[in-house]
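The block underneath contains the structure these notes are about, expressed in structure tokens.
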Amino acid sequence: MAATVGVSLKRGFPAAVLGRVGLQFQACRGAQTAAAAAPRIKKFAIYRWDPDKTGDKPRMQTYEVDLNKCGPMVLDALIKIKNEVDSTLTFRRSCREGICGSCAMNINGGNTLACTRRIDTDLSKVSKIYPLPHMYVIKDLVPDLSNFYAQYKSIEPYLKKKDESQEGKQQYLQSIEDREKLDGLYECILCACCSTSCPSYWWNGDKYLGPAVLMQAYRWMIDSRDDFTEERLAKLQDPFSVYRCHTIMNCTQTCPKGLNPGKAIAEIKKMMATYKEKRALA
């Protein structure tokens, strides 16, 4: 008698064949699970300095993070280190969405936001993290932005009207075309990535306003609702406020929002030339 072969009701495959396939599938899944469970250790070398500790000097401290148990962004790794490894690690962070600019720092040689910079998954490379360059450091990855904000305040970054009699009583309208002129300017989040990547700002940060502040100055200069364009230009009539920009363009390259501060500064220079000509003829 012929041997009886079990047949599956699904497409008529012999049960023995399906059994072997099932075993192979289970073995494959087991291998994948084992591979997924294997630690993926990434090293982070992070700048550390605590001024409250007597004799403490700036140093780099290395931490190890299993990328299988960490989110994809550098900020995820920093939070994991602080929560699970070293609670003394200090850094700024807030929105985690690239909106607030709090977590600006220098990662692998470039200024960016830790919340939007993906972790380099090459495990053979050590990711190096520093505070924003050429700034006084408060602690670890926290720079002192006091001068930066004071410069921002100095440009009076708000709408100014010469006739304030209607203030609060009517809307200040502008055309769609005039509103579109502000695109690429108002989106600045004041993270200071651009200013702290600028060599001119490194050496003249006390006098040169820097890319971020100048871009915001330009934003208010060209706002059709503002009445103080000439006064804003007059405040920049010195050798340092604007003219320390040498179009190196580090600012545009590093901006995490994809803005172009270098172009805005060039436009201010053109406005300054026209302003000087008008003053000479007056």
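Every residue, even glycine, has its Cβ placed from backbone N, Cα and C.
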Legend entry - Residue from CYS245, CYS255 that Swiss-Prot also lists as binding [4Fe-4S] cluster with CYS188, CYS191, CYS194: CYS255
Inset, instruction - With Swiss-Prot open, pick whichever of LYS53, LYS161 is annotated N6-acetyllysine. - result: LYS53
Inset, instruction - Please work out which residue of CYS95, CYS194 has the most C-beta neighbours within 10 angstroms of its C-beta, and give that one of the binding-site residues. - result: CYS194
Legend entry - DSSP state at CYS251 ([3Fe-4S] cluster binding site), helix/strand/coil: helix
Inset, instruction - Select the closest residue to CYS100 ([2Fe-2S] cluster binding site) from the following binding-site residues, measuring between CA atoms: CYS188, CYS198, TRP203, CYS255. - result: CYS188
Inset, instruction - Return one of helix, strand or coil for LYS57 (N6-acetyllysine), based on DSSP. - result: coil
